[in-house]
Amino acid sequence: MRSWSVPEVPALPGRGPRVHLHDTATGGLVPVGPEAGTATLYVCGITPYDATHLGHANTYVAFDLLGRAWRDAGLDVRYVQNVTDVDDPLLERAEATGVDWRDLAESQVELFRGDMEALSVVPPQRYLGVVEAVDLVAEAVRDLLAAGAAYRVPGTDGGPDGDVYFPVDADAAFGTVGGYDLETMLALSAERGGDPQRPGKRNPLDPLLWRVERPGEPAWEAGELGRGRPGWHIECTAIALEHLGMPIDVQAGGSDLVFPHHEMGAAHAHLLRPRARPFARAYAHSGMVALDGEKMSKSKGNLVLVSRLVAAGVPAAVVRLAIVDHHWRTDWEWTDEVLAQARARHERWSAAVAAPAGPPAEALLATVRERLADDLDAPGAVAAVDAWVEQARTTAGTDAQAPDLVRRTVSALLGVVLP
């Protein structure tokens, strides 16, 4: 599956410091990526049935900041992202709207590509749909079965026999990604695609690895597994192991993926590659974006779509600036005021870098680098740019190179394009 075009990332003098990031599993700041060489990043992708709302954009912009900071520190970045282009919510939406699920997925992925391109998000090197990785995922399920780390469940209520599940008790580290208690995990499992009440499971938390074919559902041949399709969590695990190896430097996604998705994915990986654990050196989770006091979600329908904002005349750089003005781990609310503030800030910054000269900007570059290296503190970086812009407005300045350095700093590190 193709991704999208690579935005221009201006060159900057010098190099940034090593990045430290909040790790969900330990609850503290940890250095991420090597001091030299290649950093690896896996970010869970969309289920394509309502393309990019601001909650999505917040996540992919957040981890784009990480990739930019890594590259600025002199690292190569291997970045993989999936698309969950066959899953129950997608199939349900397709049936409800009378659209073929494949056409729905492709149309929404195309919108997503356009949104990411507009927001100047650097694309992953490998952008993979689950449909094109079914053989890979099925192989992982067969490997788990062969290792005694998977089991089949008989059908219920007239359903077919043979669904394959993963026994969470097989991984001694299960529960360490999110640190939730059993009651919370059971509630989140039921809320987020699990089936804790299914008869025949050894543990209510055990996740589905392979769903055998049901009438009217897409299915693929998978040898001893029979015709069927993958469960959600094993998809990302199999793709990440194939294209990044283990351990990954950072496994990332929205905070609603901590459990069950990332917890289960790590457990799968630990059983598939027991000598290479942990699955990831750090787990990073972005905050949720709300509208009218409620988290944006497809199920609630309270979505602000990036494509609609841009179609309404809002520059994509303004949308990105609104996002990076909020710390990547915080929950925040999209409002007209947030948009107005971002628009006004973008205008001030654009005017300042259009001037023939300004105050020296080397210290600003250093500050932006320091802020991003400290848990991707983009709001701190934005505040530093604001301070330089205000100084430029009140004192003018005589450094003819400064405006261009500020423009390149903002573009390269924050991903905000200034005209």
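Positions of Cβ are set from backbone N, Cα and C atoms, glycine also.
For the L-cysteinyl-5'-AMP site that Swiss-Prot gives as C44, G45, I46, T47, T59, N82, V83, T84, G254, S255, D256, V289, the extra residue drawn from W101, W220, W232 is W232. Annotated range for region 'Disordered' in Swiss-Prot, selecting from 1-20, 21-40: 1-20. Near H261 (Zn(2+) binding site), with the C-alpha within 10 Å of its C-alpha, lie none of the binding-site residues I46, T59, V83, V289.
Of all the binding-site residues given, namely V83, W232, S255, V289, those whose Cα is no farther than the 10 Å limit from the Cα of C44 (Zn(2+) binding site) are V83. Counting other CB atoms no more than 10 Å from each candidate's CB, the binding-site residues T59, S255 peak at T59. A simple Cβ count within 10 Å picks out one of the binding-site residues C44, I46, V83, C236, V289 as the most packed, and that one is C236.
Mean pLDDT for the motif ''ERGGDP' region' (191-196) in this predicted model: 94. The two recorded residues T59 (L-cysteinyl-5'-AMP binding site) and C236 (Zn(2+) binding site) have their Cα atoms spaced 17 Å from each other.
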